[in-house]
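Copied from Swiss-Prot, the annotated features are:
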- Asp307: active site, 4-aspartylphosphate intermediate (ACT_SITE)
- Asp344, Glu348, Phe377, Thr378, Ala379, Gln380, Thr381, Arg382, Met383, Ser384, Lys395: ATP binding site (BINDING)
- Asp518, Asp522: Mg(2+) binding site (BINDING)
- 34-54: transmembrane segment (TRANSMEM)
- 62-82: transmembrane segment (TRANSMEM)
- 219-239: transmembrane segment (TRANSMEM)
- 254-274: transmembrane segment (TRANSMEM)
- 588-608: transmembrane segment (TRANSMEM)
- 616-636: transmembrane segment (TRANSMEM)
- 662-682: transmembrane segment (TRANSMEM)
Amino acid sequence: MSRKQLALLEPALVRQALMDAVKKLSPRVQWHNPVMFIVWIGSVVTTALAVAMATGHLAGDAGFTGTISVWLWFTVLFANVAEALAEGRSKAQANSLKGINKTAFARKLREPKYGAQMDHVPADELRKGDVVLVEAGDIIPCDGEVIEGGASVDESAITGESAPVIRESGGDFASVTGGTRILSDWLVVQCSVNPGETFLDRMIAMVEGAQRRKTPNEIALTILLVALTIVFLLATATLWPFSAYGGTAVSVTVLVALLVCLIPTTIGGLLSAIGVAGMSRMLGANVIATSGRAVEAAGDVDVLLLDKTGTITLGNRQASEFLPAPGVDEKTLADAAQLSSLADETPEGRSIVILAKQRFNLRQRDVQSLQATFVPFTAQTRMSGINIQDRMIRKGSVDAIRRHIEANNGHFPPEVDRLVENVARQGATPLVVAEGATVLGVIALKDIVKGGIKERFAQLRKMGIKTVMITGDNRLTAAAIAAEAGVDDFLSEATPEAKLALIRQYQAEGRLVAMTGDGTNDAPALAQADVAVAMNSGTQAAKEAGNMVDLDSNPTKLIEVVHIGKQMLMTRGSLTTFSIANDVAKYFAIIPAAFAATYPQLNALNVMHLHSPASAILSAVIFNALIIVFLIPLALKGVSYKPLTAAAMLRRNLWIYGLGGLVVPFIGIKIIDMLLTVFGLV
């Protein structure tokens, strides 16, 4: 669930934006936008000319020049309003996070375990590595990792989701965020950051920090717009001697009006707002982007690496069956499987313990009473287990257990290979259990592919985006689930090194790669990916490696992130097309008005039959200013997104924004000319 969306033009935001827009009229702000800086200079020049004419220091029509000057100032002001509105929406979203309750004191434990002696200390004195106890009703004082316990946590202040979530030690749900509230039970949390460096602090600082850095595409487009502006500036400058040679020199006011109408002021005025709004839309989707560069990269992504669990499948794999090896009875397998899972905090491990209880009433056992040593799972060994006196029980992937058996001079039965293959062909995950050098059998873990995911992948394929499923399952299981889900490719038995190598392989082919991750073992791949979305419930290392954080911790959000990125790029491209196409109509309005007296043949270009030269020039300038206002909602909201191929999308946008950019100015300028004439304003 996304946090509450702000109304597109909320009155309070508009009022603040208008005040900020006036402040942005300062030349120190305007020179950052070269196109609008030219308009600002034109406004200053025409204002000075109007004052000089009004005071009799210069011959000319002070009323006409003053009116042109006013509308040029409006053009700059409207561009400022667009940017201020976009920034205001982002700041309003960040301000809602400032209101999150923070605790004044924390229970700092002297030892990292429940029941240890504690000291009550100010929360702002906690440092990275400190361990605190939080109980029902407490506000978590720092970002950190749960090292003991489990509790229901209200994260609505951050995610906007009213339903509480479970945070517990072990697994993928061990990360907690400062400012969230414990609803039940207790947690022992190890702080992962120092004061002022929390996730909320960094997020607010990002939104409210210094001026936003332009993205590479934005810089490239700015260079294009500046080049066009220079071309039109030189062209306009040559018109004065050209007209003077013809006998009637064009006034500076008309030349300034012509220049402002020809340069791409529409996209120049909205470009910054589009970028800020893109980050704001990400925040509206509960995704925090560390920079506009990350949002832009999301729009260019053409390979998605998707974790199977939680993204493609529901992610709640449960033990469904014990399949013993030849010569082993099912209860013996269940007994060993349960023992190997007693200290396993993962949902899969707990489901194995429960299944053994249900099938064979195996109860009342724990690691401490058995004087056993738990062997945790690692991405390198790909197995876990337990050592009980002279018994060594392991469970894990087929390859991991095979290596373990061979290392202990044992034999891996071919019958177990067939069991594994049958489980995998059904789309379930096989876990092999062994004791010492003997294979006891296979545990089947069932998962379910999410509804509608196949259709979403088909849409991505139509857009030219390749989907790759990443899973730790064996090749047969991965192939079965990949076929059911409709992904383009898969990486089975994935290790952190394999993920990293796959990303580098795609990047070497010139592709941009996006992925999600939540564990410390995902950090290298997240750091390498072009778009890396870390889960808020994930580890601190994963969050620091990624360039986005999903507050909802929903891996499927990666697809929405790509949609928002593409929408931002489409909006920028569409409004650029519209802005450049606009110039044609303005050309037909101003050129005849400015030069028909010198060259009557140019009257043939007055296809709109505008009332007079003055009304034609003024109509074009007014339209040039007002079109920015009408396009502000589109810049903030983004153009309509449809999952089409690049060629189809280009054709669609050329028809809508290219043809629209040609037709709308002809209609708009003509209507403004008629209104000016009817009301006798020219």
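In case you wondered, yes, glycine gets a Cβ from its N, Cα and C as well.
Note that the structure is a prediction, hence the values are computed from the model and not measured.
Taking the features listed in Swiss-Prot, we show where each one sits on the structure.
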residue : record                                        : Cβ neighbours (10 Å)
Asp307  : active site, 4-aspartylphosphate intermediate : 24
Asp344  : ATP binding site                              : 23
Phe377  : ATP binding site                              : 18
Thr381  : ATP binding site                              : 16
Met383  : ATP binding site                              : 23
Lys395  : ATP binding site                              : 28
Asp518  : Mg(2+) binding site                           : 27
Asp522  : Mg(2+) binding site                           : 28
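Among the listed stretches 62-82, 219-239, 588-608, 616-636, the one sharing the most Cβ pairs under 8 Å with the transmembrane segment (34-54) is 62-82.
Spatially, the transmembrane segment (616-636) is not adjacent to the transmembrane segment (219-239); fewer than three Cβ-Cβ distances between them are under 8 Å for residues at least 6 apart in sequence.
Long-range contacts of the transmembrane segment (588-608) within the same chain: residues 239, 243, 246-248, 250, 254-255, 257-258, 261, 614, 616-617, 619-620, 666, 669-670, 673, each at least 6 residues beyond the stretch ends and with a Cβ under 8 Å from a Cβ of the stretch.
Secondary structure at Lys395 (ATP binding site), as computed by DSSP, is strand. A gap of 20 Å separates the Cα atoms of Asp307 (active site, 4-aspartylphosphate intermediate) and Thr381 (ATP binding site). Here the transmembrane segment (62-82) has long-range neighbours at 17-18, 20-22, 24-25, 30, 33, 36, 39-40, 42-43, 46-47, 49-50, 53-54, 253, 256-257, 260, 265, 268-270, 272-273, 614, 617-618, 621-622, 624-626, 628-629, 632, 635-636, 682, meaning same-chain residues at least 6 beyond its ends whose C-beta is under 8 angstroms from one of its own. Of the recorded residues, Lys395 (ATP binding site) and Asp522 (Mg(2+) binding site) place their C-alpha atoms 23 Å from one another.
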